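Q: Next up is a structure, given as structure tokens.
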């Protein structure tokens with residue numbers, strides 16, 4: 001659908017329009033198929049993971065509490081953009097109110113920063129589990145795990161609140177068309193006709209900090225883990241330790257590599273076609289939430305065992321009253 005022509009005004013706009021993927025509007029229906037599948041995988045996988053961890057007391061350990069946090073963040077991040085994106089692709093529903101747009105932007109970027117913090121916590125969890133196994137539960141007590149989760153949340157809120165408030169205060173006087181499939185910060189900022197120097201500098205600083213400092217802490221944790229693993233005399237113990245960390249490294253690669261590519265391509269390759277930048281940003285937000293539970297479910301034996309126990313328990317509950325006592329006995 002073609003957008004009507006707007007003339008610049010000096011007042012802030014109350015409604016914006018998302019273009020979807022610029023230049024590929026004729027392919028929106030086809031692009032929506034993998035996006036919809038990834039969203040359904042995200043909902044099914046993360047909800048199943050949360051249910052299994054909640055239902056099985058043997059999974060109430062720090063590692064799985066961090067995994068639960070990751071699942072909740074993934075659900076929030078994916079749900080904040082995908083339904084509106086699919087509405088744009090399927091029904092040409094491009095309009096979004098400014099308040100809804102800023103809310104979406106806040107949740108997307110805050111969730112992304114929080115996920116990064118939880119990934120750092122998970123790397124620390126693996127370091128303690130492998131390098132200090134006897135003190136694991138005494139170091140990572142429930143209050144400590146809750147405090148780490150709260151710290152990740154507060155850091156995300158502190159980082160992302162100024163960005164949203166700054167845009168809210170700027171007059172948006174360009175044609176109200178956001179050349180993106182969701183309200184990405186830099187795409188919305190292009191509509192501002194005020195001074196955007198603070199927002200540009202702050203956004204780049206925060207992105208660089210999160211995408212550099214957090215992976216550095218993760219690399220340090222895994223460097224110490226590698227040193228500890230290589231010193232193990234038993235090949236079986238080494239294999240088990242590598243297997244435990246493998247799923248974490250897969251998830252971290254899925255999260256940081258597209259994020260770094262998206263950020264630096266937008267900054268240093270302005271000639272890159274807009275649809276490539278938008279698709280990369282979409283993939284960065286849609287793939288990790290869809291594949292995180294699959295990677296953990298397949299690679300983590302405790303999750304598979306927990307799922308089997310929960311399914312067996314539910315089958316027992318479903319048995320008739322006359323047989324239930326005998327079966328349980």
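Here the Cβ of each residue, glycine as well, is placed from N, Cα and C on the backbone.
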Q: Among 206-229, 302-325, where does TrEMBL put the label transmembrane segment?
A: 206-229
Q: Could you check which of 106-124, 163-181, 182-200 is flagged in TrEMBL as transmembrane segment?
A: 106-124
Q: Short question: which residues 6 or more past the ends of the transmembrane segment (206-229) have a Cβ under 8 Å from it?
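A: For the transmembrane segment (206-229), the nonlocal Cβ contacts are 112-113, 116-117, 119-120, 123-124, 126-127, 130-131, 159-160, 163, 238, 241-242, 245, 249, 252, 256, 259-260, 263.
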Q: Counting only residues 6 or more past its boundaries, what in the same chain has a CB within less than 8 Å of a CB in the transmembrane segment (30-52)?
A: 21, 24, 59, 67-68, 71-72, 74-75, 78, 82, 85-86, 89-90, 282, 286-287, 289-294, 296-297, 303, 306-307, 310
Q: Near the transmembrane segment (106-124), which same-chain residues lie under 8 Å Cβ to Cβ, leaving out any that are not at least 6 residues past its ends?
A: 63, 66-67, 69-70, 73-74, 76-77, 80-81, 148-149, 151-153, 155-157, 159-161, 163-164, 182-185, 206, 210-211, 214, 217-218, 221-222, 248, 251-252, 255-256, 259, 285, 288
Q: Within the same chain, where does the transmembrane segment (136-158) have neighbours whose Cβ lies under 8 angstroms from its own Cβ atoms, ignoring anything closer than 6 residues to its ends? I mean 6 or more beyond.
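A: Long-range Cβ neighbours of the transmembrane segment (136-158): 61-62, 65-66, 69, 110-111, 113-114, 117-118, 120-121, 124-125, 128-129.
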